[in-house]
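Database features (TrEMBL):
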type: REPEAT; residues: 14-100; note: repeat 'Solcar'
type: REPEAT; residues: 110-198; note: repeat 'Solcar'
type: TRANSMEM; residues: 171-192; note: transmembrane segment
type: REPEAT; residues: 226-316; note: repeat 'Solcar'
Amino acid sequence: MASTDNQNSSVFKHFNWRTFVSGGIAGSVAKTLVAPIDRVKILKQVHSKHYAGFGIFESFHRIYQIEGFLALYKGNGAQMVRIFPYAALQFTSYETFKSLNKKLFNHKSNSVINSLACGSLAGITAVSCTYPLDVVRSRLAFQFKGEHVYKGIVDALVKIYSESKSIKSYYRGYLITIMGMVPYAGISFSSFEHIKKFVLKKHVKYLTHRGDHANLTSGSHSYYELTVVGKLLCGACTGIIAQTITYPVDVVRRHMQLSNMISEANTKMGIKDTFKYVYSKYGVVKGLYRGITLNYLRAVPMVSTSFCFYELSKKFFGLKTGEFVKIS
């Protein structure tokens, strides 16, 4: 018992409320920024009959023309209820796992493999705690004016539960989400961390500057931070890399989440069968990678903004965001 208590206290010792709040703020700002793109992406991914044959910008215009401006943010209420704790848990979990990892493995904690593992575990933690709200948000965003099945978040939660009289209804597509989250979160955190370190190490002009702790030195090393532009560009590269690798999994996940709302889809199909269904019916480009262009438009500003605001929020709360780099 004493050993368990010591382990628990060790975990909580690495928890930082400032990191938690910073993560929540970063996620909320980033998701609100791309909410209209998110809605169009969902409609395109699952081949909504109301937007079949329309391009990306035509879909934006059609939503605005038929449903009004606020329709671009349909489902964003549920998104905000989910995203603050999701992002807060994800960033905090990553920092916590990194601290624990450093304590266990010391200098090896900054390796690519370790950062991938910490990022993946952070993603799994956040998804597991907030997944039901993601299902609700997807259902609300998929609705078309005049064909509303759900009146709001609470109504959606009740009706989704009634589908199978079990909490399993809230976790449909969960396994495929985790399968996508393991590489996505791992690649995202690891990519940003190592791209950031590379840029800082090279003292790239306009992307780095001497930080607020510039008076601190460690031998021949000085403290540098990314500029706002640097944070945004590092985040953009991170988003493109992660999205390209994991996008097909996201498409399959959406099909599984919305299967009961897609007339030609079988609601009982598993991950493998859904992959086969999407591939055989639509192919690779128009199926597994359908909407990838829109997703790039979404990923670049979202991931950039998320990492940028996370670091800005951390700095506001007095946490370090830079690195000691060697002065050449």
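Every residue, even glycine, has its Cβ placed from backbone N, Cα and C.
Whatever TrEMBL says is automated annotation, not expert-curated.
Distant neighbours of the transmembrane segment (171-192): 90, 94, 112, 115-120, 122-124, 126-128, 131-132, 134-135, 234-235, 237-239, 241-243, 245-246, 249-250, 252-254, 256-257, 259, 271, 274, 303, 307; these residues of the same chain sit at least 6 beyond its ends, with a Cβ under 8 Å from one of its Cβ atoms.
Over the repeat 'Solcar' (110-198), the average per-residue pLDDT in this prediction is 85. Across the repeat 'Solcar' (226-316), the DSSP tally of helix, strand and coil residues reads 75 helix, 1 strand, 15 coil.
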